[in-house]
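Enquirer: My structure is below; once you've seen it, I'll send some questions.
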Amino acid sequence: MKSKNQTHAVEFLLLGLSEDPELQPVLFGLLLSMYLVTVLGNLLIILAVSSDSHLHTPMYFFLSNLSLADICSISTLVPKMLLNIQTESKAISYAGCLAQVYFFVVFLCMDNLLLTVMAYDRYVAICHPLYYTVIMNPRLCVLLVLICVLISTVVALLHTLLLLRLSFCKHLEIPHFFCDLTEILKMACSNTLINNIMVYLSTTLLGIGPVSGIIFSYTRIVSSILRIPSTGGRYKAFSTCGSHLSVVSLFYGTALGVYLSSAVTDSPRKATVASVMYVLVTPMLNPFIYSLRNKDMKGALRKLTLGTFSMS
């Protein structure tokens, strides 16, 4: 491995989840299975939404974009992990590492922002049902998704461009299974003050802002639901946002777990294992949450499956 001050000559080593040779076949099979389930599950969500006219609503439009972001997010990381295990190599090029940082940040921000937009959609649907179709018109829905893409792209681009100015002159081993931005900054031998400020700013703004929006939306939603006189009406109103609330809890719960594990333990390996839940398991579980808890989605998936079998 080269350790020069010229960043374009740098090659990083990804230490992965385990260095035990006997565990590598098990990890390969587990990661491949998780990847295929995630891609297939989210792809089925997208196909079900696009093929069923009953699901051509803002909520499912945002859901299909969330599924697409999840597919892209896991595809940024897992194929490289599988390749490294198969070839018994830990190396990743400097350009490949920067690309992984960029795309992972883009799709992570997309998930974060889309969950906030979906919370706003549920707020309008439950608190202002008579004006829902007027407020959440197709033009606004597309605009909201484009804003999510724009913000995510700008944030990721800033992080990536700031990495380009750094030089690396240490033993460049990343104690992670992907090019984690914070781990890369630890290895730089040049001043990372601007990079760290950008990390703190983006984490704060993209953490506090969306979470505050989601909390506000659900505070108003709960308040509106409690004013519904009948128990059946309350259940029906809450069931429309139950799946989204489950996904939000999983997303931010695992993110908090990763943060706490990295803050409490000095072992990078333990923090890495904790991040598996956040990075790999969450995108895999999202399709199951929406398909199992949503009657409309189950019906659309059933139609899609029957249509596929009848064609074959």
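Keep in mind that glycine also has a Cβ here, set from the backbone N, Cα and C atoms.
So TrEMBL lists the following for this protein:
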type	residues	note
TRANSMEM	26-48	transmembrane segment
DOMAIN	41-290	domain 'G-protein coupled receptors family 1 profile'
TRANSMEM	60-79	transmembrane segment
TRANSMEM	99-120	transmembrane segment
TRANSMEM	140-162	transmembrane segment
TRANSMEM	197-216	transmembrane segment
TRANSMEM	237-260	transmembrane segment
TRANSMEM	272-292	transmembrane segment
Enquirer: What mean pLDDT does the predicted model reach across the domain 'G-protein coupled receptors family 1 profile' (41-290)?
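Expert: That region's mean pLDDT is 88.
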Enquirer: How about the transmembrane segment (140-162) with the transmembrane segment (237-260) - do they touch, taking at least 3 C-beta pairs under 8 Å (6 or more apart in sequence) as contact?
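Expert: Answer no, regions not in contact.
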Enquirer: Count the Cβ pairs between the transmembrane segment (197-216) and the transmembrane segment (272-292) that lie under 8 angstroms and are 6 or more residues apart in sequence, then report whether there are at least 3.
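Expert: When sequence-distant Cβ pairs are counted, the transmembrane segment (272-292) does not touch the transmembrane segment (197-216), since fewer than 3 lie under 8 Å.
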